[in-house]
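J.: In case it helps, TrEMBL gives these features for our protein:
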DISULFID  CYS195-CYS205  disulfide bond
DISULFID  CYS199-CYS216  disulfide bond
DISULFID  CYS218-CYS227  disulfide bond
DOMAIN    77-193  domain 'CUB'
DOMAIN    191-228  domain 'EGF-like'
SIGNAL    1-25  signal peptide
Amino acid sequence: MSMSRPPIIPPLVLLLLALALGVQAAGSSSSSSSPPSAGAAGGAARGCPRAACIYGRCVNSACVCDRGWVGDQCQHCAGRFKLTEPSGMITDGPNKYKYKTKCTWLIEGFPNAVLRLRFNHFATECSWDHMYVYDGDSIYSPLLAAFSGLIVPEARRNETVPEVVATSGFVFLHFFSDAAYNLTGFNISYSMNSCPNNCSGHGRCVAYGPQRRVTCQCERGWKGEACDFPYCNKDCGAPHRGHCERQNQRGCVCQPGWQGPDCSLEDPSEEAYWLMPDVTPPRPLPRRASHKAVVLGDYMWVVGGYTFNYTAFHMVTRYNLRKHMWDPLPDRKTGPSQRYGHSLASHQSGIYMYGGRVEASSGNVSSELWWLDVATLAWTRLVPQVAPGPRRQQFAVVGHSAHIVPLGAGTSVMLVFFGHCPTHGYVNFVQEYNLNSGSWRILECSGARVQGMYGHSSAFDPSTHAIYIHGGYKAFSPNKYGLVDDLYKYNVDTRTWTVLKDSGFFRFLHSSVVIGGTVLLFGGNAHNDTSMSNGARCFSADFLAYDIASDEWTVLPKPNLHRDVNRFGHSAVVSNGSMYIFGGFNSLMLGDVLEYRPPGCGARRSQHACLSTHPGVRCLWLQERCVSWEEGYASAPPEQLYRINHTRPSLDDERCDKYTDCASCTSNTNGCLWCEDQCISDSSNCTEGEAVMNLTECVPSTEEVCNKLTSCTTCLLESNCQWDAKEQECTTIAAGPWLSSSPSCSLASSPFPQTPPHFISHDLPILVECAMVVRC
C-alpha cells in the first residue's frame with residue numbers, strides 16, 4: 001500500500017513551538033488552565049441526563065464541560081491538566097479520541113520521588129498519533145518514551161503491561177493526533193513510590209531506608225526488579241541434568257549433554273528455544289535503536305544508534321557472548337560523530353562503518369567510511385581513491401545494509417545495498433568498496449530489476465555465496481512508497497538478482513540472519529495502514545524462517561519469555577549457531593539481549609529424520625551422520641541441497657503479472673515466462689517461438705530499465721535514460737528530445753523525495769529535514 005501522507009513536517013520544531021507557547025501545565029489539582037466549554041458548538045443533548053455529561057455537568061439542557069474537556073458529552077480531552085494526587089488515571093475519554101487534538105498532563109510529585117506509569121490500554125494510529133512522556137515538568141526534560149500504535153498486552157500476565165519510570169518527581173505527558181483516523185485511545189494509571197509492576201504477582205512490596213523507598217521481595221523461583229523473571233524451574237532437573245545457582249540468582253547450570261532454560265533438553269536437541277540471558281549490565285544501560293552489531297571472537301560489538309538522551313551514550317560497546325556481560329569500554333573523544341541508520345561489517349581485526357544519519361546540528365546523511373581497530377579502539381577515517389566515470393562515485397545513504405565478501409585471489413569487497421539519500425531518493429544500486437585498493441564503484445548487475453528501498457534486512461550465506469534481502473520501505477515511483485514483503489537473492493559471483501518467494505509479511509526495520517540453510521527474520525515495523533486500521537502493529541515479534549533449499553516460508557512460534565518482546569530497529573547476529581537479538585524500540589528504547597537456539601542436526605539419528613523438513617533448520621546426510629547446512633554444503637549431493645525445485649508451476653498468472661519486464665519475469669521462482677511483452681505463467685498458452693523462459697534470451701529494453709528508476713540521480717546513471725523534471729519520471733532518450741539543459745541533477749530539477757518514516761514519526765527527529773541538506 002502506498003503512503004498517501006503529505007510531506008513530512010520539520011521534525012522537532014512544531015512540537016517545541018506548540019508546547020513552548022503555553023502548553024506548560026498550570027492550575028490546581030486535576031484542573032486545566034482552559035476555561036469551561038459548552039460541549040460541541042451548539043451541542044445540546046436533549047434533557048442531557050447526568051450520565052450523558054461524562055466530564056461536565058448539565059446546564060439548561062446542555063453539557064458544560066469541565067476544564068480540558070470538549071464534545072457534546074464532554075467525552076474528549078482537549079486541554080492541559082495538572083495532577084497532584086499520589087495516584088490517579090490519565091485518559092483521553094471513554095470512546096475514540098478526537099481528530100487533530102492535543103492534550104497535556106503534568107503529574108506533580110515532590111523532588112526525586114519515583115513515579116510509575118502503567119499503560120493498561122493504548123491504541124492510536126501507528127507512527128502518526130503519539131503520547132510523549134518526559135521525566136520532568138516540561139518538554140525540555142529528558143524524554144522517556146514515545147508511545148504510538150497498538151500497545152495492547154498480548155498476554156494476561158500483568159508484567160506484559162508497559163511501564164514507564166520517572167525519577168525526578170514530575171512527569172510531563174503530551175498527546176497529539178492528526179486528521180487521518182482515530183482509535184480507542186489510552187488508559188494510563190500512575191502511582192508515586194510504588195513497586196514496579198506490582199511485583200508482577202510474584203512478590204511483595206516492602207519499604208526500606210529513611211526515605212521509605214520501596215522494592216520487591218520476590219517469591220522463590222522469581223527474580224528481577226519486578227519479580228518478572230522465572231529461574232530454576234523444576235529445580236533444573238537436579239541432580240542429574242543440572243543444578244540451580246540460587247546465591248547470585250544466575251539460574252540453571254546444566255550438566256554436559258543437557259541444555260535449555262531448565263536443563264530439560266538434550267544437547268543437541270531437536271527442539272528450538274529462546275533465552276533471555278541473565279546479563280550483567282553496565283551503567284548506564286546501552287539502550288538504543290537503529291544501531292548495528294557484528295561478531296568478532298567472543299564479542300558482539302555494537303556501534304552507534306538512536307537514543308533519547310546522548311549525555312552518557314557510548315558510541316561503541318561490546319557484549320561478551322560467553323560470559324553474558326557488557327564490557328566497559330573507554331569513551332573515545334576522537335572518531336566519528338554519533339549516528340544511526342548506518343551499516344557495519346567486520347573483516348579480520350577491524351570493523352567498517354559506512355553512512356548513516358549524523359546525530360548533530362546539521363543532521364546530514366553521511367558518506368563517511370570509518371574503520372575501527374578493535375584491539376586499540378582507535379578510529380580511522382578512510383578517504384576513498386577518486387577515479388573518473390559516473391560509476392566511480394559513492395553515495396551517502398541511510399537505512400542501507402552492507403556485507404564484506406571474498407571475491408577470490410585475496411580480494412575482499414564491501415557491498416552496500418540500497419538506502420535513502422535526501423537529495424537523490426531511494427537508491428536502487430549496489431555500491432562496492434574494494435578493501436585492497438580503497439576505491440568505490442557502482443556495480444552493473446543483471447537479472448531482475450530492483451527498486452530502491454530503506455530499512456530492509458539482509459543476510460549473507462557463505463555456502464551459496466549469496467545475499468538475501470527482505471522487505472523494506474520501497475519507492476514504487478517518485479510519488480508512491482510503501483512497505484513490501486519481497487525477498488531478493490543477490491549472487492555475489494555473477495552480480496545477478498533473483499526474485500524469490502515473498503513472505504506475506506510486510507515490514508521494515510526488522511532483522512535477518514542465516515543459520516543452517518535458513519534465513520531467520522525477526523520483528524520489525526509492520527504498519528502499512530493509511531486511512532483505517534487493519535490491526536498492523538508498529539512493533540512486531542513475528543518470527544519467520546525461509547528455507548533456502550526449498551524456497552518456502554514458515555511462521556515460527558514467537559518467543560515465550562514472560563514479557564512482550566515486540567520491537568523494531570534492533571540488531572541480530574550469529575555466534576556458535578545461536579541468534580542474538582539486541583536493543584530496538586517499542587515506545588521505549590531497549591537494551592535487552594534475546595538468544596534463540598535452533599534445533600541441532602546431530603540429534604537426528606537416521607537419514608529419513610535428517611532429511612525430513614523441519615521448520616527453521618536444514619540438515620544434510622553425509623557419511624552416515626546428520627550434519628548442518630554449513631558443515632555439509634560443500635560436499636553434499638545436489639539432490640540434498642535443492643531437493644525441491646526452486647521453480648514452482650503457477651496455477652494462474654497472478655504471481656507473474658506483477659513483473660513488467662522480461663528480466664524480472666525470467667529471474668524469479670514463480671514459474672513465469674515472457675510472452676508478447678507480458679509476464680504470464682509457464683502453464684499458460686504461448687507460441688513456442690515467442691516464449692522467453694531464460695534471462696539470457698531477453699532482449700534488453702531501455703524503456704523497461706528507465707521506467708523503474710525513481711530519482712534523477714539513479715536515472716542518469718543509465719546511459720540511455722533521461723530525467724523529466726516536470727513530470728518527475730525517468731524516460732528513455734529515444735522517447736523524445738533531451739529534457740534537461742545538461743545531463744546532471746540539481747535540487748531544482750530533482751526535489752527532495754519523501755523521507756522514510758522512522759522511530760518517533762513527525763514530531764521528533766526522524767531522519768533529516770530536506771531544507772537543511774546541502775549535499776548528500
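Positions of Cβ are set from backbone N, Cα and C atoms, glycine also.
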J.: In the structure shown, which of the disulfide-bonded residues CYS195, CYS199, CYS205, CYS216 has the fewest other Cβ atoms within 10 Å?
T.: CYS205
J.: Run through the domain 'EGF-like' (191-228) and tell me, per DSSP, how many residues are helix, strand and coil.
T.: 6 helix, 16 strand, 16 coil
J.: Can you check which residue among the disulfide-bonded residues CYS218, CYS227 has the largest number of Cβ atoms within 10 Å of its own?
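T.: In terms of Cβ crowding, the pick is CYS227.
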J.: Roughly how many Å separate the Cα of CYS218 (disulfide bond) from that of CYS199 (disulfide bond), to the nearest whole number?
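T.: Cα-Cα, rounded: 7 Å.
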J.: Where the distance is taken from Cα to Cα, which of the disulfide-bonded residues CYS199, CYS216, CYS227 turns out closest to CYS205 (disulfide bond)?
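T.: Of all the candidates listed, CYS216 is nearest in space.
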J.: Write down the Cα-Cα distance for CYS195 (disulfide bond) and CYS227 (disulfide bond), rounded and given in Å.
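T.: On Cα coordinates alone, these residues lie 10 Å apart.
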